[in-house]
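Quick notes on the structure that follows.
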Amino acid sequence: MEKLSYLIALVPKMDPTDYVGFTFFIGCMAMMAASAFFFLSLSQFNPKWRTSILVSGLITFIAAVHYFYMRDYWISNMESPVFFRYVDWILTVPLMCVEFYLILKVAGAKQSLLWKMIFYSVGMLVTGYIGEAIYGDETQSWIWGLISGIFYFLIVYEIWLGSAKKLAESAGGHVLRAHKILCWFVLVGWAIYPVGYIAGTEGGLFGVPMFQDLSMDVIYNIGDAINKIGFGLVIYSLASAVMAEKESHA
Ligand SMILES: *C/C=C(C)/C=C/C=C(C)/C=C/C1=C(C)CCCC1(C)C
């Protein structure tokens, strides 16, 4: 009996009103299921599309592993897992930028686009980390958030109006359509994160009462589920559409 209660205690109690813990749990399962889905679908695509699908799976898989750590960290410490959060992002966000390059390769995307996007995303996250982890409780976090926001703007500019947009237009068809959807993900879906960042700083969302109880981690977790799984599904549909078209021509 004594042994049994010891075993039970290994699983910490969950408070039913702990929405952060709840979304961490859901996040683990959603990311894992999405990874299984992308990996197991690999063989139905030809080699040209396999890399894009593989990267989609890697994005959700890396997130799944970090979500397991973040879930445990949260339950044991009741504190934001800032460190794991940013390690996750610094690996997965550049990979999401790689997806733009991969789908635009048909239109002749050069590696310079790839490196530019990676540079912007790393800049965005490193400055965000400094603002959140180092100056999180101080008045300086808004400066770092602002610099991070400039990098975010550069990514948005590049895909909506810059060279990536021109490549998507010259590719046309399914690629152009997928590029447009991914652009909306970055403009609207990624905008969830700065909201979370502001919610996490002292004073919260400008002291507006309605936002007082919004937790930064809940916002980030919702953002991750929408963006990482959604992004992958757009790539999956693009690859499926192109393959189906090829088959009907054959
Ligand atoms: C899967 C994870 C994703 C897509 C994470 C994206 C994160 C961002 C777009 C973060 C942006 C930030 C700002 C634009 C300003 C404040 C600091 C950040 C890092 C939260």
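Placement of Cβ uses the backbone N, Cα and C atoms for every residue, glycine included.
Automated prediction, rather than curation, is the source of TrEMBL annotations.
Fair warning: this is a prediction, and the values are worked out from it, not measured in the lab.
Per TrEMBL, the features are as follows:
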| type | residues | note |
| --- | --- | --- |
| TRANSMEM | 20-40 | transmembrane segment |
| TRANSMEM | 52-70 | transmembrane segment |
| TRANSMEM | 82-104 | transmembrane segment |
| TRANSMEM | 113-130 | transmembrane segment |
| TRANSMEM | 142-160 | transmembrane segment |
| TRANSMEM | 181-199 | transmembrane segment |
| TRANSMEM | 219-239 | transmembrane segment |
What stretch, picked from 113-130, 181-199, 219-239, has the most CB pairs under 8 A with the transmembrane segment (20-40)? 219-239
Which stretch, 113-130, 181-199, 219-239, tops the Cβ pairs under 8 Å count with the transmembrane segment (82-104)? 113-130
So if I exclude everything within five residues of the ends of the transmembrane segment (52-70), which remaining residues of that chain have a CB under 8 angstroms from its CBs? That is, six or more out. 24, 27-28, 31-32, 34-35, 37-39, 41-42, 45, 81, 84-85, 87-88, 91-92, 95-96, 98-99, 102-103, 224, 228-229, 231-232, 235-236, 238-239
When you scan the chain for residues with a C-beta under 8 Å from the transmembrane segment (181-199), skipping those not six or more beyond its ends, what do you find? 99-100, 103, 128, 131-132, 145, 148-149, 152, 155-156, 159-160, 165, 205-206, 211, 214-217, 219-220, 222-223, 226-227, 230-231, 234
Give residue numbers and ranges for long-range contacts of the transmembrane segment (113-130): same chain, 6 or more residues beyond its ends, CB-CB under 8 A. 82, 86, 89-90, 93-94, 96-98, 100-101, 104, 144-145, 147-148, 151-152, 154-155, 158, 163-164, 167, 193, 197
